[in-house]
Amino acid sequence: MSQNERDSLELERKNTPPDGPRLPERRPRFSVWIYLAIFLALLVHFFLFWTGTDTSTIEYSQFLEYVEKGYVERVEIVNDTKVQGRFTEAAVREGLVSVPVRQTDLLRGAQTPELIRRFTTTKPADHDLTSFLLAYNERARAEGRPTVQFTARIEENWFGGLLTWIFPLILIVALWVFLLRRMSPSSQVLNIGKNRAILYDAMGDHRVTFKDVAGLDEAKEEVAEIVEFLKNPKKFTRLGGKLPKGVLLVGPPGTGKTLLAKAVAGEAGVPFFSISGSDFVEMFVGVGAARVRDLFRQAKEKAPCIIFIDEIDAIGRSRGRGIMMGANDERENTLNQLLVEMDGFNTDKGVIIMAATNRPDVLDPALLRPGRFDRQILIDKPDRRERLEIFKVHTRDLILGDDVDLEVLAGQTPGFAGAEIANVCNEAALLAARKGKEAVEMEDFEQAIDRVIAGLEKKNKIISPEEREIVAYHEAGHAIVGWFLRYTDPVVKVSIVPRGLAALGYAQYLPEERYLYTKEALLDRMTMAIGGRVAEELVFGRISTGAQNDLERITRMAYAMVVDYGMSERVGYVSFNLSGQYGEQAFFDKPYSEETARLIDEEVRRIINEVRERARRILEEKRDKLEALARRLLEKEVLGPRDLVEILGPRPYGDYPSPNGKDVEELKDLQKGEPTSSSAVEAPAPQTERPESSSAP
């Protein structure tokens, strides 16, 4: 036996309880409804078959014949439809009538002579049996023969009537219960107020710790205090300190807010309740508040623990919003109950409330006040160093080739969130497996980045030569205008290969990680965005629908400059912030007059016209470079930094486009006429511009 087998047996022996292995609990396979149905079936069978007696059934015509012959002694008419009678002893004894013969029954006993003489028949509705018997008795008296005694009675079938009323009721109740169970397992009447929180075992097989959360160093430092509190609460309460009752994780989608909350539970080793904000609200009134109470009740029972509410803006929006459209009373009641539960929560219990949202501006102020969610932790998109750590986490289970450089990949993916980086790694592994490779190479990662940014490459999409030429000049216009402006991002790739749902071409840039933009920087970006449309107009004398996304972007930026950032001299240093502070009411109650609105529209048009003329001047001056770049695009379809430097010359502002900083000197030497290596630098990078769309606006 090998050492591994001995270790496995020893581990199994340790995990086996002293009283032997525990068998899984078996639940009853039959529900109470099945037992009830069986009982009712037996009851019906008993009343219908066992309560009756064994009597012979004869035809009505034969019954009339027996009466005429004097074989019948007594007749009883039941409900004017059924006839029960008794033969004479002489007729039975002499065998003049047919009677049933059966063996002795243990349940009903022996067959007596009285039972043998009985018979039953069915009376037709159109026959007057009473008149027939009266006429027979008169003839029998006249002839001196025995007469037939007859009576009539009304028999009520109480059991049949009971079934007529109860059976439909039982059927309706069973159908109602069945429909409730089909709609949702938790939609039963008794469980409608139960919360839908999922309890994760922090010490289970899928435990998440801070090692699984790459980057986010500042955020992990903030939540480390929470972990320490859950491990050793007396350390804080001994000196009279209190931990914040609520921690709100704020950040863009995909940055790791939920993952960080799971890591907190994994590090502290406590139960972790996870629930979405939309799970509280139901179609029934009062269910949301009941689920909040039930959630906090369970949390108190399992303290110390963590309650994590994902997308809390679903129930935490400011009260009073949307009055013009009608307020949601159920959502507000749920929020009120949440506020009450959090305000009365005792931090000594060891229960921490965490929530995540990417819309903190719409949350109710009462939810953010001290004593509730009084600590906000920003989970922002990672920088280059943090992206490198994220790549290390997501590639540790991949078989990487020798040419894979994670530092280069981190430089090629500025603006990527953690979820997008994970998607890039997974796409690269799938591409390598599709090609039958033994390891994931750098080429696979570059193609995966292109795929995540611009979508799937459509090699077989048929485009007419005219449209292909328009797309080439459009993308060349973007690249040239951006190349010769000071505050634009370096162009690293231009392509006219169709990608995605409707993209006919795209340009990729290497954006700098900046947080402030000047007025000049915004104008340069708008000029670059409109360069494609201006190039079409300059070369072909007409425009196409491919610039729809460009026009949307520059219009949005122009309105932001005038309305939000106060960058218009005519409007002044004001900020109306329509997308943030005023929320839904901004569409109905704008904080400025009609005259100001007209002035804003005029300023937006003026700014767009200025950047358009600026782009036209640049393209007219660089017309030869525009033609050369478009011809090279039509020839190669994809151009990298080396091709751009060869055609456009040195970039007048900023560094040469290089995602990793290793090819800057090589590209500079290219402009001086010095020999360089034959390998082209075509490293893709995330675009600041969405691919051009072929759809009409």
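Start at 1 and count along the chain as shown; that gives each residue its number.
A Cβ is built for glycine as well, from the same backbone N, Cα and C atoms used for every other residue.
Annotated in Swiss-Prot:
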REGION    1-23  region 'Disordered'
TOPO_DOM  1-29  topological domain 'Cytoplasmic'
TRANSMEM  30-50  transmembrane segment
TOPO_DOM  51-158  topological domain 'Periplasmic'
TRANSMEM  159-179  transmembrane segment
TOPO_DOM  180-697  topological domain 'Cytoplasmic'
BINDING   GLY251, PRO252, PRO253, GLY254, THR255, GLY256, LYS257, THR258  ATP binding site
BINDING   HIS474, HIS478, ASP550  Zn(2+) binding site
REGION    649-697  region 'Disordered'
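In the structure shown, the C-beta of PRO252 has more C-beta neighbours within 10 angstroms than that of any other entry among the binding-site residues PRO252, PRO253. For GLY256 (ATP binding site), applying a Cβ distance below 8 Å and a minimum sequence separation of six or more within one chain yields VAL213, GLY215, LEU216, ILE379, ALA417, GLY418, ALA419. Comparing THR258 (ATP binding site) with HIS478 (Zn(2+) binding site), their Cα atoms are 38 Å apart once rounded. What surrounds the ATP site, by Cβ distance within 8 Å of the Cβ centroid and not counting GLY251, PRO252, PRO253, GLY254, THR255, GLY256, LYS257, THR258, is the set LEU249, ALA356, ASN358, ILE379, ALA417, GLY418, ALA419 from the same chain.
Between the CA atoms of HIS478 (Zn(2+) binding site) and GLY251 (ATP binding site) there is a gap of 31 Å, rounded to the nearest whole number. If you take the C-beta of LYS257 (ATP binding site) and look for same-chain residues 6 or more apart in sequence within under 8 angstroms, you find LEU249, VAL250, GLY251, ASP310, ALA356, ILE379.
Considering other CB atoms within 10 Å as the measure, the emptiest surroundings among the binding-site residues THR255, THR258 are those of THR258. In this structure the alpha carbons, written CA, of PRO253 (ATP binding site) and ASP550 (Zn(2+) binding site) are 24 Å apart. Note on the topological domain 'Cytoplasmic' (1-29): mean pLDDT across this stretch is 44. Each residue contributes its Cα atom, and for THR255 (ATP binding site) and HIS474 (Zn(2+) binding site) these two points are 34 Å apart. In the structure as shown, the Cβ atom of GLY254 (ATP binding site) sits within 10 Å of 18 other Cβ atoms.
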